[in-house]
């Protein structure tokens, strides 16, 4: 299991497990930084020490073999597996070169050293600076909160209000910085795969050209190099799309974080200060705890946690809630306080302090106390607004009219479905097609009023406007599972089975669309829309998760793979029934939203992952709870918190139980062409480029790339 995604919504919760996940990302980046630094040093040794070339190459090969990429999420694509395995392959190539014992000249400064130094200084260095600011702001924020909560409630209201405003402004600044830091951490984890491997690929190609007697080995390397370049380009394309989705989600959460709270197994959770009673003359102290409450079971967990002490978790306590009562400032010299009484600890009452009055009211509502005026912590998933598009007879008419026009007029248009139409024209066309009165009057095949890009954009917009994606919310996770693992054959069989579980109308429309996309891919030499490119465009159009999170966005690349499988196996999937003798696809259960960080396999022997390259086609011509404390808390474990309840006689009732188109709808075709084609600067000799026949069309002109 790789690194866990860092959810933006967790920046506002700032839980202990969120901090653990951040430290895991930071440790991985530090490991990467040290490795790159060592690799650069080794590269310079290869240039400067010809006499020690053999020893330097062996060390270099050893470094490559031992380093492994971590990934975000629970699975890798085939391209990422190939990139992950590439360093071991490079190590093997070096061993073969060492056997030849030929004297060679290496010029790796431009192709390896400078790009790695640039990546380390500009990217990893930037993350280090962000970490310093984040740590500094964390210290400042929680210090200010401590100071603020120690203010006496007897001070003037104006003084208290001014202090409240200052604390809130500081918290908002901290949240902003936290969002930026989390985004940067995840971006660099994804970026390093291609930013690091691509210079390595250039280095290897350049080194082979200088070998006088390495011609045969270089020919063997060429095939692998081409496949890896495609893996890198596919990964880069998916990265660009994923980054835009992540940034959009971050901006949504920044604008309204309360509307994007993640579904949780707890009714309420967050930080509270708990009063600890001490024997005279020491009085009492207030200790910050992370508290979690399940309303159905009336179960309360409190775990001491201090951000400024390295984030070490203390020993937690568990008790069952009897009642919750609001504390007035005339009975305690602190604001935002309330008392909770334990049902399983007679006479034990804890005084707790929230960060603000609003948070206290939320806790009171969740715990069944007084002033239950605010909605619960545990928000439901916000449903997506339904559009006017429906999966009915009119929808099939729209689909068939658009497909017929595209295949008649623009099947060979470059960037088909990737080049977008003018938004106003697309909306106008779609409105006319969805109107019973005007649908039949629209002539898409013969009319010059509607450009092909307008028609394709209208088709995609119709599919995205459906109340539910064509491949349904219910089966979304099931479709993703086979794309993450297994052999190509098992993936096809699993998706074949799942397609036939779709509702009949969904399957029928999907059949019509995929048949059309298969036809489009058959003309890829003219329109440059290969199966992989169509997967990028239609993956998020046909599939989307019901809840929008960073973890879901990280699965976009697997949605693309599912669409690629549908296109490449259309006849089998839609024209035959699934093999009844094969077992049903296995679905994987997701981890709870706030589960503790997963233990990396790096601590022991890493499980070997098979490298099964499913699709290498781009056009070169173009847990129930988190590590909670034990249930059986000894009677004395709450003694430091306990005090006779002043309100034990009070009776309270017990608490009751689209942007889904990635790069498809952004930029011009010229912009797309310049990014969709692999970059081939000095990494490939001219002779090799001629062998490949590399011919790239960029902005309407063909030019041979040396």
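Sequential numbering from 1, following the chain as shown.
Glycine is treated like the rest: Cβ placed from N, Cα and C.
Any TrEMBL annotation is an automated prediction that lacks curation.
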* **Which range of 532-576, 622-666 is region 'Disordered', per TrEMBL** => 622-666
* Pick from 225-252, 253-280, 281-308: which stretch is listed in TrEMBL under coiled coil? -> 225-252
* Asked: Which residue counts does DSSP yield for the domain 'PH' (265-372) in the helix, strand and coil classes, in that order?
  -> 14 helix, 50 strand, 44 coil
